[in-house]
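Noted in Swiss-Prot for the protein shown:
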type     : residues                                                       : note
ACT_SITE : K14                                                            : active site
ACT_SITE : D140                                                           : active site
BINDING  : P98, M99, G100, G101, G102, L103, G104, G105, G106, S107, S108 : ATP binding site
Amino acid sequence: MTAALSLGWPAPAKLNLFLHINGRREDGYHELQTLFQFIEHCDFLDFKVTENTNLKLHSNMSTVVADNDNLILRAAKSLQEYSQCQQGAEIWLDKRLPMGGGLGGGSSDAATTLVALNSLWGLNIPIDELAKIGLKLGADVPVFINGFSAFAEGVGEQLQPVYPPQPWYLVVVPDVHVSTAEIFQDPALPRNTPKHSLTSLMESPWKNDCQELVAKHSPQVAKALAWLLEYAPSRMTGTGACVFGQFEQEQQAKDALAKLPTSMNGFVAKGANKSPLMLRLAQC
């Protein structure tokens, strides 16, 4: 009997509505406070369960990533090892999110793989345990697994649900790849922002502690920020390179997008406090 394809598992992008770096731990990781919100712009994954433990990935990406570095295959393998599952999967990735953009695409792909295969393999591993598996793959993976907008502390794994407004965003994608590792290793990165309560942070102006450093080193990011500020309050997400502006109405965001310089790319997407992945999981 041939297993059916399970289609259309979304791996949504996220925005860091603010990002504060509070210090550096002895293990090299950074303490931070950040506010994650999903947007309705996604990669998509399809899965076919196999009756052996083989894992195979197909992708529309032009750049080939080695299997041992690919977060999707690492996620599937981690789930197999954790559960002792004797099934495998053939996976198709429709990559739509930019790489190295601060939108969390790789982490989101890994999270969708864990959530989908947990369901398709019939493992029924609780979400909190699944998030622990995901944390070993990357600090941003748990928020995608939990599936709600969240205030995050620690290295990003301590999550508290929040429900900020869900506006429309214009996301500008500069033609540059920013290395998260290089930014966090840069001695010029601010690491002493005081910690504040969530209530205080929600009432204060939002900022990204990485933005000034990235803009200094990446003229493309600085140019995108300067252009977007003409139309809306704008910030960088994560360690960049993507920047976003907030709009009340979809048409306002689309009107700004229509004026985007030809040297830049961008898209319009709605904020979402519940991940599209959770809506897909509910269909199973």
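Glycine residues also receive a Cβ, built from the backbone N, Cα and C atoms like all the rest.
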Rounded Cα separation (Å) that holds between G100 (ATP binding site) and K14 (active site): 13
Cβ packing number for G106 (ATP binding site), 10 Å threshold: 22
Between S108 (ATP binding site) and D140 (active site), the C-alpha gap once rounded to whole angstrom: 8
Spatial neighbours of P98 (ATP binding site) that are distant in sequence (at least 6 apart) but have CB under 8 A: G105, V173, C242, N265
Tertiary neighbours of K14 (active site) (same chain, Cβ under 8 Å, six or more apart): F36, Q37, F38, I39, L103, G104, S108, D140, V143, F144, T237
Assigned element (helix, strand, coil) containing D140 (active site), judged by DSSP: coil
All-chain count of other Cβ atoms within 10 Å of G104 (ATP binding site): 26
